[in-house]
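Participant: A single structure is presented below for examination.
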Amino acid sequence: MSFLRKHFNISFNSLSTLRGFTTLTSKPFPDNPTATYYDNVAADVANSGDFDSLRDLLNKRIQDGFFNTKRTFSFITNTNFSPSFLNDVVTTLSHLNPGFTRRNAFDSLVTRLCKLRRVDDALHVIESMSRVGDCNLSPCTFHPILNLLTREKSLDHAQRVVESMTRLGVPLDLAGHNFFLTAHCFIGDVNAAVGVLEKMEEKGFCPDARTYDALVLGACRKGKVDCAMVVVRRMVDDGVPMLYSTHMHVIEGLLKMNCFEEAMKYVRCFSGKDKALDCELFGCLGSKLVGFNRVKEAMFVLGEMEKRGLLMGYKLKNFYEMNLREENDGKLLKEL
């Protein structure tokens, strides 16, 4: 497919078009343009009101293998936002090449509006998107909206979005259910969480890493780390890859119960297989202990990190070196 061409496989027509943009923006056209270059030119032409050039640019970047990024629509800000400006952008996207080019641009615009916390405007874009031919809506289009609303615990609003999805013929997928499950588990609403799990089972969804992560989060926030460990063992037995955050929930839950030795055993149990994971596990444990003002235990963990050759974050490293100097100074004073 054309949108999967290598970045350096840029057609002559693409170069001609982009040189036209270059003339407009007074910037030299690079021999090897990047996605960042395309994003910057998009901002220039959009802010100048040249939406025809914006349309051509968005078409060409996909043809030449440069997908839209989170910065493609960064020219839309809360400062310059207006309904008419958004409508001009939506009209422009409606005239993009059909298929992936058009759908991906709309999805990127929705993501940008959610970044600005403009949920109603994002829904307006989706409504416009639904009226454009060959631009089938998918659950992924709604993910940024549901993610934002459930993180903000605006669950009634999120449920209304699901109703809009149903009206538009878009089903709630596994990721969508996980958004709700995580929110319910975070606030400790067990009945609501069970309800989400029942719906997932009815629809034939199999739990994934994020489903388990939400359950571990809920158990730990309730102080039931033993229940969280049951879920973790289930993940290990079923071969479900664990998210970093799942480990963090367990570590924090154990430390809140003053179970330092158990937290250390947990970290060691999962260490030794992936150095990046080791850095996260030991680093998280060390950071949490510092936060709890457990200096002795924190120094023990950081000392083990040093022995294992694991990288420490800037603050952790400073903490370790400062306390190590103090320990050494104390030993010298005793010897004197």
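Using the three backbone atoms N, Cα and C, a Cβ is placed for every residue, glycine included.
Per TrEMBL, the features are:
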{"type": "DOMAIN", "residues": "89-198", "note": "domain 'Pentatricopeptide repeat-containing protein-mitochondrial'"}
{"type": "REPEAT", "residues": "173-207", "note": "repeat 'PPR'"}
{"type": "REPEAT", "residues": "208-242", "note": "repeat 'PPR'"}
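Are these features on the surface or tucked inside, and what touches them?
Facilitator: When the repeat 'PPR' (173-207) is classified with DSSP, helix, strand and coil residues number 27 helix, 0 strand, 8 coil.
In this model, the repeat 'PPR' (208-242) carries an average pLDDT of 96.
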Participant: Using DSSP, how many residues in the repeat 'PPR' (208-242) fall into helix, strand and coil?
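Facilitator: Summed by class, the stretch gives 27 helix, 0 strand, 8 coil.
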